[in-house]
Amino acid sequence: MHRVFLVGPMGAGKTTIGKYLARHLGLAFADTDAEIEHRTGADIPWIFDVEGEAGFRLREAQVVEEMTQMDDIVLATGGGVVIRPENRQALGSRGFVIYLHATVAEQLRRTRRDRKRPLLQQGNREEVLRTLMMTRDPLYREIADHVIDTDGCSPRVVAQRLVVALNADKQGPATLE
Ligand SMILES: Nc1ncnc2c1ncn2[C@@H]1O[C@H](COP(=O)(O)OP(=O)(O)O)[C@@H](O)[C@H]1O
Ligand SMILES: O=C(O)C1=C[C@@H](OP(=O)(O)O)[C@@H](O)[C@H](O)C1
Ligand SMILES: [Mg+2]
């Protein structure tokens, strides 16, 4: 049984790299944000507008509780998934957690034209990303089995390096089996 969970900040490439990684590993791919949208029948900006961030986090926790129990899957999460202790507990104890890291400068470049991430639609985006990174980076590291820097690497290269790291890491195959 294989479970790989991708965590990290907005623009780290969790959704993009997750698809490549799943294909390389021959696993299914899922994304908590896509699942939340599917279940709600509305997109994330709508959920934030109508229910606030609190409503979104409640939906996210429900999806995490269920999806971290699925087998043979690469699961991409949203950047704020680590805020809730119960999410960290579920992710950290049920699968192999990869922290996809990107610097704030790189996150800014990759999310420049984005209109779908409510937290980046107001105020100074760089300031928002910097503050989120400060509070969340220790939480990503707390549950990560492996950390990889994505700056300057294409999604395909990051995914290939992850496959190598998972195979080389003594913890990897054991945890993945
Ligand atoms: N390693 C990378 N190099 C360059 N661009 C990337 C990389 N990973 C993701 N991107 C781009 O950055 C944007 C955000 O990627 P996404 O996968 O949605 O990140 P996340 O799910 O972590 O927020 C997308 O436009 C994607 O094509
Ligand atoms: O960092 C966050 O709090 C969020 C990240 C987003 O996902 P990505 O990290 O995939 O962009 C999405 O879950 C929502 O907009 C909130
Ligand atoms: Mg994503």
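Just so it is clear, glycine is given a Cβ too, placed from its N, Cα and C backbone atoms.
According to TrEMBL, the residue from Gly11, Gly13, Gly79 that belongs to the substrate site alongside Asp33, Arg57, Arg136 is Gly79.
Site annotation (TrEMBL, ligand ATP) includes Gly11, Ala12, Gly13, Lys14, Thr15, Thr16; from Arg94, Arg115, Arg117, Arg130, the additional listed residue is Arg117. A C-beta separation below 8 Å, combined with a sequence spacing of at least six in one chain, links Arg117 (ATP binding site) to Met10, Ile44, Thr111.
For Arg57 (substrate binding site) paired with Gly11 (ATP binding site), the C-alpha to C-alpha distance reads 19 Å. Here Asp33 (substrate binding site) is positioned 9 angstrom away from Thr15 (ATP binding site), judged by their C-alpha atoms. The distance from the Cα of Lys14 (ATP binding site) to the Cα of Gly79 (substrate binding site) comes to 9 Å. Listed in sequence order, the binding-site residues among Ala12, Lys14, Thr15, Arg117 whose CB lies under 6 angstroms from an atom of ligand 1 come out as Ala12, Lys14, Thr15.
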